[in-house]
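According to Swiss-Prot, the protein has these features:
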- 3-130: domain 'CMP/dCMP-type deaminase' (DOMAIN)
- ASN43, ILE44, GLU45: substrate binding site (BINDING)
- CYS54, CYS88, CYS91: Zn(2+) binding site (BINDING)
- GLU56: active site, proton donor (ACT_SITE)
Amino acid sequence: MKVNLEWIIKQLQMIVKRAYTPFSNFKVACMIIANNQTFFGVNIENSSFPVTLCAERSAIASMVTSGHRKIDYVFVYFNTKNKSNSPCGMCRQNLLEFSHQKTKLFCIDNDSSYKQFSIDELLMNGFKKS
């Protein structure tokens, strides 16, 4: 499957506005493609910080709720120009759970620059089910 990264970035730029970030204002949006279907998520902060939901896990929940279990592509959009943004450890483990060897992950900054990773590059020696 060929992806249109320009279109995906435009979608994520619209979706990221839905993030609920009253504490950090660090907005993140995620699009997952699984079996040619798209699933979106945004980060949702909570005054009890451990309850905060990351955009990646939000998108995974949508995907699983729709009956899908294998991620083909992950696009994570950050509202900063940090150049070193990437999923947190908890999200990396969750992404690994539903990824396969060919899963591709893109980390995109708000200037549309991006870095591409494989799931193994993102989480080397991750804990996998047997």
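Cβ from N, Cα, C; glycine included.
Among the binding-site residues ASN43, ILE44, GLU45, CYS91, the ones whose Cα sits within 10 Å of the Cα of the residue listed as 'active site, proton donor' are ASN43, CYS91. Secondary structure of the domain 'CMP/dCMP-type deaminase' (3-130) per DSSP (helix as H, G, I; strand as E, B; remaining residues coil): 41 helix, 39 strand, 48 coil. Checked against CYS54 (Zn(2+) binding site), the binding-site residues ASN43, ILE44, GLU45 differ in C-alpha distance, with ASN43 being the nearest. The two recorded residues, GLU45 (substrate binding site) and CYS91 (Zn(2+) binding site), show a Cα separation of 15 Å.
Neighbour list (ILE44 (substrate binding site), Cβ cut-off 8 Å, at least 6 residues apart, same chain): ALA19, TYR20, THR52, LEU53, SER58. Neighbour density for CYS54 (Zn(2+) binding site): within 10 A of its CB lie 21 other CB atoms from the protein chains shown.
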